[in-house]
Amino acid sequence: MATNLRGVMAALLTPFDQQQALDKASLRRLVQFNIQQGIDGLYVGGSTGEAFVQSLSEREQVLEIVAEEAKGKIKLIAHVGCVSTAESQQLAASAKRYGFDAVSAVTPFYYPFSFEEHCDHYRAIIDSADGLPMVVYNIPALSGVKLSLDQINTLVTLPGVGALKQTSGDLYQMEQIRREHPDLVLYNGYDEIFASGLLAGADGGIGSTYNIMGWRYQGIVKALKEGDIQTAQKLQTECNKVIDLLIKTGVFRGLKTVLHYMDVVSVPLCRKPFGPVDEKYLPELKALAQQLMQERG
């Protein structure tokens, strides 16, 4: 059901203007930039997209704009997860209406929900998605929900689930999931271990830094398919040098600043309470943007 979802999917950023409103023109440019750099698909409205500091209406607007720009060109996954099941269902129905290829949802967080409540949450979203496959989103470091291997196995075998986004550094668990579910579409979620995640069994990845250097991650996939571990490791090292800088600057605001210097995003701001990039990092980010533009050609 979800085998066509394998690949390298950029976790799409959401541009805002100086007044903190959605910057629709920059969003359209960013979608086109990702298409042009050879990405396989977009994961829209997730952590990187600052979904949880947006209203439901804004999240729907983002889904609609992305679909207008990219439907039929690349694969589209709508992250519809909210703490509220009803709001998640509303977004899932919108994703279906706009023509997305799949929906995704993080485990409901903040309140200590039981595991059966988590399962019921996913079942309800799957029902509202009306046939779109579900990508379960496991990100314990941010959600605070630490699923056991048995619980993951239960979630990914719910009717309608076709994939798992595994944002965890536990590569042993990644391999265990692959061993248990050979046909499951499995995404690596941490960009800094992309090559290792593929070797542990992932089919591809969903990541924030793909927005600025997606071709490098495609290069890792190609190298590993050809058995060229040395090239894959070299590319991963180059990606990780970028990630080192972004961790210092703040990942989302750092990415937006690089894209600003690339003339893709007009205003390099995240939505409050996120603050701007410290000015001392601007020269490094500008140099990075120039390096990546030259590398991309």
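Any Cβ shown, glycine's included, is placed from N, Cα and C.
Residues annotated as active site, proton donor in Swiss-Prot, with sequence analysis given as evidence: Tyr137. Under the heading active site, schiff-base intermediate with substrate, Swiss-Prot lists Lys165. Taken from Swiss-Prot, the feature aceneuramate binding site covers Ser47, Thr48, Thr167, Gly189, Asp191, Glu192, Ser208.
On a Cα basis, Tyr137 (active site, proton donor) lies 9 Å away from Gly189 (aceneuramate binding site). Applying an 8 A CB threshold to same-chain residues 6+ apart, the list for the residue listed as 'active site, schiff-base intermediate with substrate' reads Tyr43, Ser104, Val135, Val136, Tyr137, Asn138, Ile139, Tyr187, Gly189, Ile206. Of all Cα pairs drawn from Ser47, Thr48, Thr167, Gly189, Asp191, Glu192, Ser208, which the record names as binding aceneuramate, the longest spans 16 Å. Sitting within 8 Å of the Cβ centre of Ser47, Thr48, Thr167, Gly189, Asp191, Glu192, Ser208, and not among those site residues for aceneuramate, are the Cβ atoms of Ala11, Tyr190, Ile206, Gly207, Thr209. In the shown protein chains, 17 other C-beta atoms lie within 10 A of the C-beta of Glu192 (aceneuramate binding site).
Here Asp191 (aceneuramate binding site) comes close to Gly205, Gly207, Ser208, Thr209, Tyr210, Tyr217, Cys239, Ile243: these same-chain residues lie at least six apart in sequence, with C-beta atoms under 8 angstroms from its C-beta. Around Ser47 (aceneuramate binding site), the same-chain residues at least 6 positions away in sequence with a Cβ under 8 Å from its Cβ are Ala11, Val106, Ile139, Leu142, Ser208.
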